[in-house]
């Protein structure tokens with residue numbers, strides 16, 4: 001009895017590798033619906049394979065540390081919010097489990113919102129430890145954004161319930177005695193830093209969404225404090241509020 005296209009599609013969607021797909025008994029079925037199902041499954045498997053390969057590449061720096069010290073406790077550190085006109089800069093410091101596998105981890109700006117939220121939930125529930133650090137708009141004005149970012153990162157490290165032995169940091173160096181590696185574009189090169197990027201992004205976006213409930217005119221829930229047209233028009237109309245960075249232009253020129 002010949003299987004229906006729906007039945008064949010279900011079988012094809014259960015295939016886990018391209019090799020298995022090409023050797024599947026339905027591979028030579030010439031029905032258009034079957035061939036379309038095979039093409040879709042191949043595309044999905046190729047995408048998954050690419051994500052797996054990228055994930056392996058992004059464990060390079062962690063593995064180099066573990067070669068030297070198999071018991072190393074590696075903490076990734078990244079920040080979000082250096083560029084906005086309002087709100088804090090937020091850092092996150094996660095320590096991944098040894099069996100971590102979060103396909104799709106990347107620089108948070110490159111990850112779609114739905115996937116970002118999915119990864120964030122998985123990370124919060126499964127990592128060995130994580131903590132956030134915040135430097136306020138007032139501290140950014142007092143110290144400058146670079147120093148405030150360092151402060152936020154150190155606060156995240158200090159908040160950890162597990163003491164790390166090594167730090168992987170996105171494009172920064174910290175006044176910290178622990179061995180540290182600073183990686184340019186680290187959130188696209190290290191799974192630990194990418195995890196920090198995702199978690200910090202979701203945390204800060206949530207913070208700005210909450211802030212928008214008290215200050216709806218600025219559109220913080222959509223612009224996260226960046227200088228969008230709506231945000232700039234609101235500054236012109238109603239002025240600035242406590243979460244605005246007074247050392248940033250164009251706000252600085254308005255004072």
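Every residue gets a Cβ built from N, Cα and C, even glycine.
According to Swiss-Prot, the residue from 158, 170, 175 that belongs to the divalent metal cation site alongside 78, 79 is 170.
Taking a C-beta cut-off of under 8 angstroms and a sequence separation of 6 or more, residue 79 (divalent metal cation binding site) has the following same-chain neighbours: 89, 90, 91, 92, 149, 152, 153, 170, 172, 200.
Excluding the listed site residues 78, 79, 170, the same chain places 77, 80, 91, 92, 149, 153, 169, 171, 172, 186, 187, 193, 196, 197, 200 with Cβ atoms within 8 Å of the centre of the divalent metal cation site Cβ atoms.
Long-range neighbours of residue 78 (divalent metal cation binding site) (same chain, six or more residues apart, CB within less than 8 Å of its CB): 91, 92, 169, 170, 186, 187, 193, 194, 196, 197, 200. In this structure, residue 79 (divalent metal cation binding site) is part of a beta strand by DSSP.
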